[in-house]
Amino acid sequence: MGKRDNRVAYLNPIAAARARGPAPTSGTTIQDYLSRPRPSWEEVKEQLEKKRKGSRALADFEDKMNARWKKELEKNREKVLGGGDKKEKEKEKDKEKEKKEKKKKEKKKSSRHSSSSSSSSSSSDSSSSSSSDAEDDDEKKNLKKKKKRKRSSTRKASDETDSESETDSRESFKKKRKKTDGEKDKDEKDSRKKRKAERSQSESSDESDVDKDADSKKKKHSSEEKEKITDKSKKKKKKKKHKKHSKKKKRKTSSSELD
């Protein structure tokens, strides 16, 4: 038997492509792209000039936005300047008040000095004015003392309420702690009982498993021994049969030889 011929004729792929001819075109080709209509240089210049100038709509939009921004800037400037003017006015008012108070104090001092050097009538007038001033000072002092007492009483009351609230909060916290501790102890006791029960169950199950394994091993051992005994008995029977058969053959051969 000869080998089968599996040879295949070799084809040059380039030669095969030339023989097929040009492939059918689908869509545009490179020649179509190269022969596309192109604008002239003058048209390109016009387009560039239009881009440089920009569109009218964009210019109008920019003008509107600039006008809005100008208005907003003017409003913000007015607000800032108005706020600065108000602050300056307030400062001027404070300065004027201080000046008036200083003038009043100077007048009082001058009136006191003039009362000591003037006549009895003027002294009586000055004494009345000084007594009125002293009364005013006493009233002011009394008012201040009353305010201080009220503040101190309110502070004491607030301190007492705070201390009472603190004691109440401490007592409530202690009670909550005791409750939580008792609950934790109960949970721990329950968990311990459960663990003990689980352990006892696991130990009993392990013992039962051990007993089962021992019984199964004993059964296997007894079954293996029985099989061994049966195998031995079978072998003995076979040996006996073989011996009987060999004796019969020997007898036949001896009888044939005698004949």
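Cβ from N, Cα, C; glycine included.
Note that this is a predicted model, so its numbers are computed, not measured.
Marked as region 'Disordered' by Swiss-Prot: 18-259.
Annotation comment: Swiss-Prot describes 39-49 (among others) as compositional bias 'Basic and acidic residues'.
As annotated by Swiss-Prot, compositional bias 'Basic and acidic residues' applies to 59-99 (among others).
Positions annotated as compositional bias 'Basic residues' by Swiss-Prot: 100-112 (among others).
Among the features that Swiss-Prot reports, compositional bias 'Low complexity' is placed at 113-132.
Among the features that Swiss-Prot reports, compositional bias 'Basic residues' is placed at 142-154 (among others).
Per-class residue totals from DSSP over the compositional bias 'Basic and acidic residues' (180-191), listed helix then strand then coil: 12 helix, 0 strand, 0 coil. If you look up Swiss-Prot, you'll see 180-191 (among others) marked as compositional bias 'Basic and acidic residues'.
For the compositional bias 'Basic and acidic residues' (211-232), the DSSP counts in helix, strand and coil order read 22 helix, 0 strand, 0 coil. Residues annotated as compositional bias 'Basic and acidic residues' in Swiss-Prot: 211-232 (among others).
Residues annotated as compositional bias 'Basic residues' in Swiss-Prot: 233-253 (among others).
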